[in-house]
Amino acid sequence: MVSPSLEKDDFSVNIEKNLSIERLQSQENQLTVSTILSLNPDCKDILSNGVGKVESLYNNKSIESIPSDSESIHYQKTYESEKWYSVTMQVFIPFMIAGIGTIGAGIVLDDVQEYEVFKQIKALFVLVPALLGLKGNLDTCLASRLSTHVNLGTLKGKKEIFKIIYGNIGLVQIQAIVASCLVSLFAVGVTAIMNNVFDYKDAMLLAASSVLTATMSCFVLDFVLIGVIFASKKFKLNPDNLATPFAASIGDVVSLMLLSVWAKLLYEIHEQYPWLLFAILGFYIFLVLPVWVLIVRKNEYTNKILTTGWTPVLSALIISGMGGLVLDHAIDQFKNFGVFQPIINGIGGNLVSVQSSRISTMLHKTSIKGVIPPHTKQWVAPWTALVKGVLPAKSARILILLAIPGQTIFVLTADLIANGRLTVSYIFVLTYLSVSLIQIMSLLYIAHLMTHTMWKFKIDPDNSAIPYLTALGDLLGSSLLMLAFILLRHIHEEYDPDSAT
């Protein structure tokens with residue numbers, strides 16, 4: 001049996017060996033860049049500042065981010081010394097604001113069930129979680145990428161900042177157009193298989209509504225996120241704690257309102273003007289999409305993601321679509337299920353996005369891709385990842401404790417707004433809290449394993465982890481909530497506002 005001290009020594013030797021190799025490669029790259037810069041009279045300022053001072057791939061595109069030993073120790077101590085109340089306060093405010101957004105989404109979803117278009121086109125209920133999940137995935141990935149830029153100190157110079165911003169916005173628009181078309185086809189296809197009915201006009205209506213909703217909501221909310229990130233940078237706050245909660249949930253109510261408005265409007269005119277649906281899709285696919293592709297391909301900050309960032313997004317759509325099937329079934333079985341479904345899904349996605357973004361930034365700051373730093377571990381037990389044992393456990397336990405009062409406030413507020421008075425029983429609240437905590441703890445543990453595993457395989461978690469995690473949050477949240485409603489019905493404690501006294 002090998003002693004822990006020997007294992008630690010072996011690890012230290014391995015990480016030093018990897019760092020030495022990477023630094024040697026980096027020095028070779030810097031020498032090449034220096035030679036090129038010396039031949040370019042326009043780059044004398046850069047050369048005089050020293051290419052060796054470049055700290056990130058984003059500053060010089062051919063140089064990988066490699067923290068020195070002193071930088072790694074400094075960042076590790078920074079995370080270790082981060083006060084619990086500082087993390088709590090930074091997360092709490094956007095968490096509550098985002099919670100209001102999820103409540104609003106629940107109220108809107110409960111109301112739009114009465115729209116004629118939602119009654120006639122059942123595929124819309126399959127579409128809702130997948131489309132909201134898509135928007136959340138794209139926005140949270142954007143927030144996570146920009147937060148990493150801020151924490152690495154690469155947002156310097158107006159020209160570079162502008163290139164990073166418009167490149168990322170363009171990337172999100174491309175992903176929104178393609179993925180929203182695919183998710184609408186998925187919703188129509190699954191519904192057609194289940195009901196043995198297919199109407200191409202319904203498919204076109206869903207596709208047009210999805211594209212309009214995804215592109216408009218992402219475009220507007222991305223600028224809000226950018227404002228939040230730059231404000232946090234100015235006030236020296238950690239954007240990982242602020243931006244991702246906004247991105248994870250506050251857009252749900254906006255997206256759901258846009259979807260219901262566009263679906264209702266297009267439904268009213270699609271029989272009379274069916275060509276309009278083709279015109280909308282043609283405009284986005286053959287005009288808007290190619291323009292954004294040209295812009296993003298020429299942007300060195302996003303061109304790689306354009307070709308490699310599709311697997312997580314498309315995989316997440318399928319997972320969220322399965323959550324949509326659960327919602328479609330639950331809506332028919334349980335009254336007011338739609339009031340609480342966006343809340344449990346939104347809060348779960350909100351909290352796991354914060355944790356994933358924080359872990360990703362920590363790994364970027366303290367190690368190189370492929371090497372797990374000594375202050376954390378890839379494979380750990382749930383207790384170690386969520387309570388005590390590794391560095392990310394500090395924020396995990398804060399997020400879990402924050403979820404308890406947060407979910408209680410949100411579920412009571414949603415019930416009060418939906419019915420004008422409190423109608424939930426204490427048994428309902430306890431059951432809801434139980435399933436929401438199971439969901440959140442499961443997501444946080446999966447986030448730890450997934451983010452570290454991606455880093456081990458040299459995959460950037462900023463681009464890949466969050467789509468899977470938020471999609472799993474949608475599926476877990478909807479499934480666990482439906483199980484809670486089934487249990488409550490079985491013990492004769494079913495949520496029924498009309499019978500409450």
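Each residue, glycine too, has its Cβ placed from N, Cα and C.
What TrEMBL annotates here:
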type: TRANSMEM; residues: 84-109; note: transmembrane segment
type: DOMAIN; residues: 128-260; note: domain 'SLC41A/MgtE integral membrane'
type: TRANSMEM; residues: 164-193; note: transmembrane segment
type: TRANSMEM; residues: 205-230; note: transmembrane segment
type: TRANSMEM; residues: 242-263; note: transmembrane segment
type: TRANSMEM; residues: 275-296; note: transmembrane segment
type: DOMAIN; residues: 341-483; note: domain 'SLC41A/MgtE integral membrane'
type: TRANSMEM; residues: 398-418; note: transmembrane segment
type: TRANSMEM; residues: 424-447; note: transmembrane segment
type: TRANSMEM; residues: 468-488; note: transmembrane segment
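Residues of the domain 'SLC41A/MgtE integral membrane' (128-260) grouped by DSSP class, helix first, strand second and coil last, total 120 helix, 0 strand, 13 coil. Sequence-distant contacts of the transmembrane segment (398-418) (same chain, at least 6 residues past either end, Cβ-Cβ under 8 Å): 84, 87-88, 91-92, 95-96, 99, 102-103, 106-107, 110, 336, 339-340, 343-344, 347, 351, 354-355, 386, 424, 429, 432-433, 436-437, 440-441, 444, 497.
Helix first, then strand, then coil: DSSP counts for the domain 'SLC41A/MgtE integral membrane' (341-483) stand at 112 helix, 0 strand, 31 coil.
Distant neighbours of the transmembrane segment (275-296): 166-167, 170-171, 173-174, 177-178, 181, 201, 204-205, 207-208, 211-212, 215, 266, 269, 302-303, 306; these residues of the same chain sit at least 6 beyond its ends, with a Cβ under 8 Å from one of its Cβ atoms. Same-chain neighbours of the transmembrane segment (205-230): 94, 121, 123-124, 127, 131, 134-135, 138-139, 142-143, 146-147, 150, 165, 168-169, 172-173, 176-177, 179-181, 183-185, 187-188, 239, 242-243, 246-247, 250-251, 254-255, 258-259, 262-263, 266-267, 270, 277, 280-281, 284, 288, counting only residues six or more beyond its ends whose CB sits under 8 Å from a CB of the stretch.
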